[in-house]
């Protein structure tokens, strides 16, 4: 298919990613599926690097997910191999072998054990993985490793993405500055619990794997697990957080709740949120970024469920694409969520203007600002369901002709 | 918006609906919302008519749903008023009053109690119901009642439908022939548990309301509740089954399980299935009718859930629109269903050709018939998830540019 135009929602400013001590990377054109572009990323970590991950809950996971699930518990990593073009999903014993062979080759190049190599793949499902093409490029990739290829790394893992997704933050732990860099990809099969979404985050802080795991899980729930493009959940979603411990000073922390980690936690969550928003902004065919905030639900969980049902409703998403403030469809979506909600206390605001209250339309509300808001790039919807104090916010995009163009064409 | 072209999946042959003794109808142009077309239907039933209904489970039901829920338990009916253009949903106390006034006026025209009038509305949500327009047409409608306006009745209740939906069957109960006629509307917000889908079925058999209720519930589960267009669930879904008892002979039955009802049950289920298929064939923007049969699930319920998740997946639906046998997306959808399934025993057939088995692609399967099948109007997908004996079949349509055209434009 033709190259897609860059999403109109793409961030206008690029973030610069500084080097992270103890982390190097290289990308190669291995031709796994795409031609004329880099499609394999090798990341190398210094000894002592800790790692934690969050993986898809899809019950038909790809072979790389099985591999990560087996090796993440050790909590250490020396390398990561990612390819775009073939997801190595539904590939049976051959897929598992492809993982083992790739890890073995990467381990040989980096001088470590295969169990210290993590793997991720994105692309077409059900086709045998041409892992030989990856393996044969790993020695050259090893020779090209550099601390300064973050942009290239982010571009290498793209599939239908229209822009590379990167983010960087500086935090401090007990006065010591540390850096956090992250890259991500993903634009379809994006839904709660990790859709085809890959993200790799690296910090030079020294943090034990269980601390990383706790921080990452919390951060992912409020970022990647709070976005949806099309309700479809990928078989390959992977978010990994690496800590090289090669920052200026080693600092000891008591656990994820240590007050010394407050700034790090905030900055990490901010970075994850930033990357997740970039994923939604690159949602297939997206022309509008939509924020849906639900309040007054029976619990936070109920609020998130209601918000997700609104976000995933094809009728709501097409109305937004049509710039129609059709809040009746929001009422419908709340009602189909299966969560407790009081029809006769329901309130809805669009762009800050209350259009419905106590179960009926607000008589004579000013339509002009609502209409103007619907024509903008960022749509804001607030719903109070009138039964409790649970609240949650999720982000999605509209459903346009572009989504159909991409997905009736692209085999993913 | 411009009139929509008739769905390419519309049935090529119209069914003729004979009169049903004890049931008359009339339709009027009341201008509730549409201009230049009939939009209000009055049906009148002779005294002694029994009734049962199945209503939406959406928790933001319209006022007519509240009305029917209150009055259906009595099990008798003398009239039905249906309008298209305004769903009378999310209309608060005014909506309830609109129902009461409409029922009162219909009861006055037909000489019965308002509680014997049932109501249904379809159309836009959240706008005050101009019930006066309906009420003022009821006396004239009463004067025009006829046994021979089934086609007109079906056309009157249409919204974005592109063809009127009718079906008729003849059954016999203990050797006595009876007729069953049905009409339906619905083309968006179609999902399990009754999406904006209205259907009214009338028979001249004499059957007690509890028997009707049991037969209808069973029939709906295998017809209207086994179809989905867009996963959205309407606030107004209503299926009503009326029995006038005006057929040739009265026959006593012991209950819904009475063997004397076997033929009636079969024919009723066949009719409901026929109407449900017409609804899917008129799915907004539909270009292909898709049958999804799941076997090998842990239970029938699990099988239906898996089939529905496949049917509702935007990625599966767009692939079908693109005539791409992209079964990897089916794997993804099975995995996101949350139901038990064995990745390494999963099998998928498309158009009768097995393309995946034991968790991997079938090596060297013949792609030509699969490609040809995908170009057809009716797509057949079979999935065995390899864990049990549960099975279920659901029907859906593809997701095309037409769906977006209709729903970014039409305020429903």
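A Cβ is built for glycine as well, from the same backbone N, Cα and C atoms used for every other residue.
Bear in mind that TrEMBL entries carry predicted annotations, made automatically and left uncurated.
Taken from TrEMBL, the feature active site, nucleophile applies to A:196.
Look at TrEMBL and you will find A:159, A:185, A:196, A:284, A:407, A:412 tagged as substrate binding site. For residue A:159 (substrate binding site), the Cβ neighbour count at a 10 Å cut-off comes to 22, with all displayed protein chains included.
DSSP gives residue A:159 (substrate binding site) a coil state; it is part of no helix or strand. Applying an under-8 Å Cβ distance to chain B, the binding-site residues A:159, A:185, A:407 reduce to A:407. Cβ neighbours within 10 Å of residue A:284 (substrate binding site), excluding its own Cβ and spanning all shown chains: 30.
Of all Cβ atoms in the shown protein chains, 29 besides its own fall within 10 Å of the Cβ of residue A:407 (substrate binding site).
Taking Cβ-Cβ distances under 8 Å and a sequence gap of 6 or more within the same chain, the neighbours of residue A:185 (substrate binding site) are A:84, A:122, A:154, A:157, A:158, A:159, A:161, A:165, A:197, A:198, A:199, A:279.
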